[in-house]
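Report on the structure given below.
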Amino acid sequence: MYIHNCLVKHKEFCILSFTVSLPSVKPTYFTTQPSPMSTNHFTNGDSDRLPLLSSQRSIVNSSSQVAIVGANVCPIESLDYEIFENEFFKQDWRSRGKVQIFQYILMKWLLCLIIGLIVSLIGFCNNLAVENLAGIKFVITSNMMLERRFILAFGVFFASNLGLTLFSSIITALIAPAATGSGIPEVKAYLNGVDAPGIFTFRTLLVKIIGSITAVSSSLHIGKAGPMVHTGACVASLLGQGGSKRYGLTWKWLCFFKNDRDRRDLITCGSAAGMAAAFRAPVGGVLFALEEMASWWRSALLWRAFFTAAIVAIMLRAMIDVCLSGKCGLFGKGGLIMFDAYSASISYHFEDVPAVFVLAIIGGILGSLYNFLLNKVLRIYNFVYEKGTIYKIVLACLISVFTSILLFGLPWLISCRPCPPDATEPCPSIGRSGNYKKFQCPPDHYNDLASLIFNTNDDAIRNLLSKNTDDEFEYRSMLMFFITCFFLSILSYGVVAPAGLFVPVIVTGASYGRFVGMLVGRGSNLNHGLFAVLGAASFLGGSMRTTVSLCVIILELTNNLLLLPLIMMVLLVSKTVADAFNANIYDLIMKAKGFPYLETHAEPYMRQLTVGEVVTGPLRIFHGIEKVRDIVFVLKTTGHNGFPVIDEPPLSEAPVLFGIILRDHLLTLLKKKAFLHTPMEISNDAFNKFSAEDFGKNGSSKGERIEDIQFTEEEMDMFIDLHPFTNASPYTVVETMSLGKALTLFREVGLRHLLVIPKISGRAPVVGILTRHDFMPDHILGLHPRLVKSKWKRLRFRLPSF
């Protein structure tokens with residue numbers, strides 16, 4: 001036995017992957033007797049099994065065993081979305097009356113209400129803080145520019161950006177590395193059944209909020225929409241588990257949902273609320289959660305998500321009305337205010353379609369190129385981050401310095417333009433926002449590039465999308481702004497700070513669309529602002545690859561339903577074109593982080609394999625009545641989460657699969673010392689020793705460990721009857737079922753374990769256990785290298801997956 005890989009660079013975990021060389025064994029199953037060759041692979045116990053079929057190799061599944069949160073390597077766990085129907089669970093539900101059922105339903109709706117209120121308040125405060133922090137910075141710098149004190153103005157701009165970035169990167173790197181990035185890939189993986197530690201803690205929530213405010217205010221080309229989705233999910237998770245025990249912020253009346261399934265529903269509502277708060281787009285937020293985030297959906301969840309988003313929209317409207325009266329400082333014309341770019345008189349004709357079609361095709365190509373370059377840059381950053389925390393902070397500061405120099409220096413390359421005589425607002429603009437920035441220009445002139453660069457992203461979008469401004473920008477300025485946004489957003493996203501992609505992609509796409517509109521000129525009935533909207537849609541479709549939710553979000557942002565046909569066409573075309581090159585950006589990030597995400601489809605090569613050809617071992621089983629010593633030994637020597645329970649004579653005529661029991665439930669039985677002196681079945685009175693809360697899951701807390709429970713020698717020789725606490729109706733498949741079919745069942749039901757039983761009677765009652773790691777391409781292609789060629793052939797010709 002030898003170690004072939006050690007992933008370190010984490011202050012708490014060192015994950016060891018072992019390769020074990022074992023002699024060939026007959027197709028049988030392992031009992032709970034101690035074995036000197038027991039494996040010690042602790043990254044994820046679900047996949048720690050040896051192959052049991054004679055046609056398989058002795059190999060341990062070590063694929064996709066880690067998730068990189070920020071730059072840290074950390075162990076991951078799957079989530080138990082399946083209802084664990086043992087006798088204790090059935091008796092508990094049978095004992096519930098109408099009052100308890102009503103309380104259960106009421107608590108779900110009440111938590112959705114609280115999630116909506118809290119997320120809307122956080123979203124409002126985020127925008128309030130960003131608008132005022134960035135506003136003060138731009139006002140001071142602009143005043144110095146008016147006084148012709150250019151060097152001092154640059155010093156203030158440079159120092160404020162560097163200070164804000166440094167603060168955001170320090171608190172993120174030292175306090176909550178899981179808050180790095182947008183958080184959407186982590187939330188999406190969680191809703192698929194993957195749990196990485198620390199992504200929903202109270203500490204992560206605080207750093208996400210504060211870090212996002214300071215990072216966005218520092219002029220880094222990042223957005224706050226992604227962090228708001230993660231923030232909403234954090235709020236929902238904390239409320240679902242009753243608060244944070246670590247910081248003493250718990251409320252007993254909230255400690256109602258003790259299972260992953262209910263918390264999954266709340267986190268889905270939280271992610272919808274976060275997107276609704278980021279763009280003040282409640283319907284778009286719900287559709288985004290449905291289309292992009294959630295892996296399981298049902299009508300009841302749709303109603304609750306819609307209710308949560310509606311609460312967000314109502315609360316934001318009320319708070320924005322207060323700010324419009326001038327009581328919120330510089331806030332009021334940015335952030336959560338709709339762009340409202342067009343009036344109802346907008347018109348377009350069939351001859352405008354070809355130009356829009358070409359715009360969509362190029363937007364899809366640019367979106368896929370954007371994803372490719374961002375994926376490469378993130379991998380390069382990860383190599384830097386592996387060197388230590390100081391490197392993360394230094395890299396963030398270097399990006400801030402480069403950004404400040406670029407943003408302040410580029411407008412000097414553009415000549416000033418005279419103010420238009422029919423300007424609808426003061427020219428030049430004095431202060432933070434406006435379409436006509438004076439910058440270094442003489443009186444009655446403005447710098448069109450500074451109007452875009454020397455602003456927040458929200459104001460830049462408003463300037464790009466504004467109507468009746470076809471003559472406001474020149475070609476060179478728009479092209480420079482597009483190139484700057486394209487590359488700065490790629491460089492800025494990977495810094496150790498909360499950073500979103502939505503707003504940078506919208507800004508980049510809008511500048512691209514406006515540039516196309518300027519090239520088309522009078523050859524189209526569409527004005528340049530409308531081309532900017534369509535360019536943003538094409539870039540979003542090429543990068544994010546969602547259609548329905550993006551279409552609704554854009555419509556809610558622009559407040560004009562007449563754009564619907566064009567936006568639909570642009571999103572469909574750009575997504576189709578981009579899909580020919582690579583996956584959407586969030587899927588690429590999830591793959592880079594190592595999340596074992598289950599796709600909606602099965603790869604074609606999975607149809608060529610049976611589940612018996614990929615299941616690995618060693619398989620650890622328990623008998624229906626098991627000795628405490630054997631249970632303790634297995635729990636200490638393996639990291640398995642689920643164990644088959646077998647009944648043998650005299651409890652049954654022949655060895656038969658009774659069901660499956662979870663590690664957490666075994667730990668509860670051991671902690672409660674529910675032991676028997678003789679190997680006999682317990683009576684129903686044993687249920688009185690336990691409550692439903694004893695078997696509840698504590699959310700993001702670490703829970704019990706077998707090492708924390710002490711036993712005497714007498715207790716080690718006692719017995720436990722596992723029958724009442726075993727799920728006697730687990731999902732099973734025969735070993736001859738195709739792997740693709742098993743994947744569909746596994747994902748659609750939301751399983752963590754799928755038992756494999758033999759095709760021929762007379763053999764061992766269970767062959768093995770399938771977990772999500774057994775469906776990962778790395779594991780499958782590692783077992784069957786001959787399939788690699790067929791896989792790459794499919795990727796080369798981009799054949800559709802079935």
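All residue numbers here begin at 1 and follow the chain in the order shown.
Heads up, the Cβ atoms here are built off N, Cα and C, so glycines get one too.
As given in TrEMBL:
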- 104-130: transmembrane segment (TRANSMEM)
- 150-176: transmembrane segment (TRANSMEM)
- 266-289: transmembrane segment (TRANSMEM)
- 301-318: transmembrane segment (TRANSMEM)
- 356-373: transmembrane segment (TRANSMEM)
- 393-414: transmembrane segment (TRANSMEM)
- 479-508: transmembrane segment (TRANSMEM)
- 529-555: transmembrane segment (TRANSMEM)
- 561-581: transmembrane segment (TRANSMEM)
- 725-786: domain 'CBS' (DOMAIN)
Quick check on the domain 'CBS' (725-786): DSSP residue counts for helix, strand, coil, in that order please. 24 helix, 12 strand, 26 coil
With Cβ distances under 8 Å as the criterion, find the stretch in 150-176, 356-373, 561-581 that has the most pairs with the transmembrane segment (479-508). 150-176
Could you check whether the transmembrane segment (301-318) and the transmembrane segment (104-130) come into contact, where contact means at least 3 Cβ pairs under 8 Å with the two residues of each pair 6 or more apart in sequence? yes
Seg_contact(the transmembrane segment (561-581), the transmembrane segment (356-373)) with at least 3 CB pairs under 8 angstroms, min sep 6: yes
Hey, would you say the transmembrane segment (529-555) packs against the transmembrane segment (104-130), going by three or more CB pairs under 8 A that are 6+ residues apart? no
So, taking each listed stretch (150-176, 266-289, 356-373, 393-414) in turn and counting its Cβ pairs to the transmembrane segment (104-130) that are under 8 angstroms, which one gives the highest count? 266-289
